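A short worksheet on the structure shown next.
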Amino acid sequence: MQEKKRISNQNNFYWAYLIGFFFIVAQIINVLPFWTMPNDWGKAIFFRIALSLMIFLFLFQIFFEKISLADIRNKIKTISLPFYLLVTLFGIYLLATLFSVNPHFSLWGDPLRNGGFINFSFYIFLAILAFLIIKKSDWQKLLNFLIIVSVLVCIIALFQKFGIFNKYLIPFESRPISTLGNPLLLSLYLVLVTFITLVLGLSDKNRYKKIFYFSSFFLFLFVNIVLVQTRGAYLGLIAGFLWFFFFYPIKSKKIKIYALIVLIVATLGMYFSKIYLDSHLYLYEKIPPTLSSALDRALSIFEGSKITEARTSVWKVSLQALKEKPILGWGPENFVVAFDKHYDPSLPKIGRITPGDNVNEWFDRAHSFIFDVSITGGIFAFLIYLLFFFFLIWQLQKTKQRNPEISLISHGLQATFLAYLVSLASSFDSVSTYLVSFLLIGYSFYLISENNLTSKKEEKKPLPSLYQPYKYKIPITFFIFIVLIWFLWSFNLKPLYINKEMNVALALADLRMETTCEKALEIVDRISPSIENSIINNYLGQKSTFVIYGCNDKIKSRAPEALIRQNIEILEKNIDKNPQYVTNWILIGEYTSILIKERNRLNENIFVETEETKKLKDEANQYFQKALELSPKRQVVLKDWADLEIATGEYQKAEEKLQKCIDLNASYARCYWYMALNKGYQKDYEGFSKFLEVAREKGILIDSQEFLQDLVNMYIRNSDYTGLTETYPRLISLTLDPLEKAQLHASLAASYQELGNITKAREEVLKILDLIPDLDPEIQESVKKDIEIFLEILQ
């Protein structure tokens with residue numbers, strides 16, 4: 001009687017759990033503007049909020065004897081091996097966090113990736129809670145809902161690819177991202193739902209459900225193979241299908257023979273197609289672009305190491321980092337620290353490139369679970385991770401053999417996990433893929449448990465009174481409730497709101513208008529007091545500097561120098577909390593260099609050493625020195641440091657750093673560009689021309705605003721008015737802002753004046769008249785007066 005009453009009380013809250021699980025699955029398509037940016041940030045927050053409430057309800061029911069601890073213990077005993085491996089993985093990651101190079105960052109991560117120990121712990125809690133709570137019939141409903149959500153994910157991908165509803169969805173001419181934020185993540189997600197959908201279609205007897213499952217299955221394959229085109233997912237699907245057919249639970253030689261024939265024919269067909277198409281490239285032009293691209297990426301699997309150069313380079317760096325900290329690693333989310341320290345620009349794709357290629361020199365993920373797990377958690381974390389999936393698949397195999405009724409779904413889960421791991425060998429997880437994978441882990445626990453309960457029925461033994469926390473249930477529950485409220489507000493709702501405000505500020509700053517920049521800076525000023533102690537302080541601090549710098553020359557109410565100093569103050573706080581991250585040191589060094597250059601502009605780009613400028617120079621040198629200690633082979637540090645020394649007139653020091661930059665990786669074009677400027681500032685125009693030509697060959701587009709402005713600054717420093725009259729017209733042609741254009745015409749006129757060409761000077765001044773209607777009405781009259789004065793001088 002007491003048992004029935006307890007089950008009834010538990011069922012009274014069961015609907016709340018179901019709503020929570022369905023809400024969590026729905027987060028996969030959560031893309032609320034501003035609130036969920038970056039892509040997975042809002043998903044992680046809403047997931048943590050929902051699961052926190054569910055955990056509190058679960059504990060409340062335990063304390064008030066609505067759920068029996070004995071039942072929980074007995075249920076866990078049925079999955080003891082994978083369960084305790086998962087708990088061990090949790091423990092190792094906890095230790096890795098405590099001994100991390102940055103425990104705070106390891107604990108919370110940042111909005112860009114939404115990793116960290118807290119989120120990972122919640123995924124584990126999700127699997128365990130789902131296993132303990134969800135009933136058989138509702139697992140089916142949850143899986144059906146997951147498939148519906150996945151269909152929506154695919155529909156959004158289709159709309160993005162073909163430009164449907166492009167007013168509301170950003171179109172992607174190449175590979176769509178749907179709600180996942182990255183083609184790589186979308187492909188991994190679809191791998192996770194493909195085989196479950198297939199086995200549900202095979203096992204269901206209802207005709208209409210079969211149509212739904214198989215339609216969804218083929219949709220997932222189409223989007224993944226034809227539209228998303230990720231090679232890692234191709235290999236994962238191949239591995240999954242090989243397992244699916246060769247170890248199919250129904251013992252039939254025909255299935256295995258047919259599968260083997262299909263495998264051999266497909267492999268040979270793809271291989272010879274690759275050879276033929278490589279010698280007949282024109283055939284690609286006759287195939288629709290989407291199919292041509294998919295075919296090319298699929299066949300490129302046979303190119304081997306050539307297509308994995310970037311990842312192979314990252315893995316080589318990762319191996320060196322792992323050797324340094326093999327036991328507990330660098331701590332969750334600290335792959336970027338390890339990568340920066342051991343970064344090697346001589347490796348292909350991440351440093352060494354051919355002209356025209358893009359270099360990817362910044363990585364916060366290894367693009368392989370092997371190194372992501374081992375570097376952030378250590379070797380033991382990686383071994384436990386592998387053992388967990390091995391024994392999970394093994395236990396599912398035992399379930400297949402003992403219980404024919406669930407053999408097919410168990411088989412589908414095995415294929416899913418195998419395909420997932422193969423795909424993950426060249427990819428990484430996101431919030432959405434974690435949600436699905438851990439829900440499927442929870443479902444696997446449920447199937448294994450049901451099988452073991454059926455085969456070994458044990459008597460339920462009550463727990464000793466020592467383990468029954470019922471005596472102090474009210475104060476314990478009240479304490480947990482207070483902790484829950486504190487956790488939800490301080491570590492979820494508050495950061496969610498602050499980040500939303502930062503996203504609004506970034507959007508306003510991107511408009512690059514005075515009114516929008518004023519609003520953007522007001523937002524930054526308003527939320528700044530909350531940033532320093534936020535769980536995402538480093539991220540918000542850097543984003544604040546982007547807002548401020550983007551508006552640096554767009555508002556009148558604040559001097560540019562004041563805004564740059566504000567950025568430096570923000571980065572100083574970032575460094576105080578997160579001194580391990582090289583980007584903070586590079587940014588603060590760059591902003592300090594800008595202050596020095598602003599001082600130089602007051603003296604025709606000549607560095608005049610005063611107490612203030614010497615202090616700025618010394619500080620900038622310290623910043624770049626620290627950045628180089630954190631990442632000894634970072635060419636961007638050497639380049640920026642040399643740029644500082646060019647600005648301060650220390651040309652020999654600059655040349656030494658630039659030569660070291662070139663020696664590290666001769667394909668880094670900007671080193672040659674700054675070497676050319678360094679020669680030019682010394683009026684060594686022969687050396688300038690030599691390195692300028694090399695910079696062009698390496699891919700520097702001289703006729704762009706950034707590089708032309710560099711030339712202008714050099715010619716001003718050298719009082720080279722001929723060079724200025726040759727450069728200003730090119731810069732004017734690329735400038736869109738009417739006020740900036742007017743100022744450039746005035747500077748060009750002054751250069752012609754210095755050369756004695758008054759006619760040309762007057763022509764440039766008169767061109768400013770044509771721009772007056774486009775200027776702000778408040779300054780139009782003053783500009784007209786300036787033109788009149790300039791023309792009088794030129795008479």
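Along the chain as shown, the residues are counted starting at 1.
Using N, Cα and C of the backbone, Cβ positions are placed for all residues, glycine too.
Copied over from TrEMBL, here are the features:
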type	residues	note
DOMAIN	217-386	domain 'O-antigen ligase-related'
TRANSMEM	12-33	transmembrane segment
TRANSMEM	45-64	transmembrane segment
TRANSMEM	76-96	transmembrane segment
TRANSMEM	116-135	transmembrane segment
TRANSMEM	142-164	transmembrane segment
TRANSMEM	184-202	transmembrane segment
TRANSMEM	211-227	transmembrane segment
TRANSMEM	233-250	transmembrane segment
TRANSMEM	257-277	transmembrane segment
TRANSMEM	369-394	transmembrane segment
TRANSMEM	431-449	transmembrane segment
TRANSMEM	470-489	transmembrane segment
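Each of 45-64, 76-96, 142-164 was scored by its Cβ pairs under 8 Å to the transmembrane segment (369-394), and the highest score goes to 76-96.
Cβ atoms under 8 Å from those of the transmembrane segment (184-202) belong to residues 28, 143-144, 146-147, 150, 153-154, 157, 176-178, 209-210, 213-214, 216-217, 220-221, 223-224, 228-230, 232-233, 236-237, 240, 244, 408-409, 411-413, 415-416, 419-420, 423-424, 427-430, 432-433, 436-437, 440 of the same chain, restricted to positions at least 6 beyond its ends.
Within the same chain, residues 106, 117, 120-121, 124, 127-128, 131, 328-329, 331-332, 376-378, 380-381, 384-385, 387-388, 391-392, 395, 441, 444-445, 448-449, 452-453, 456, 458 sit at least 6 positions outside the transmembrane segment (76-96) and bring their C-beta atoms closer than 8 Å to a C-beta of that stretch.
Taking pairs at least six residues apart, the transmembrane segment (470-489) and the transmembrane segment (45-64) share three or more Cβ pairs below 8 Å and count as touching.
Sequence-distant neighbours of the transmembrane segment (431-449) (same chain, 6+ residues past either end, Cβ-Cβ under 8 Å): 21, 24-25, 27-28, 40, 43-44, 47, 75, 78-79, 82-83, 86, 114, 119-120, 123-124, 126-131, 134, 136, 139, 142-143, 146, 179-180, 185, 188-189, 192-193, 196, 392, 395-396, 398-399, 406, 409-410, 413, 416-417, 420.
For the domain 'O-antigen ligase-related' (217-386), the model's average pLDDT works out to 80.
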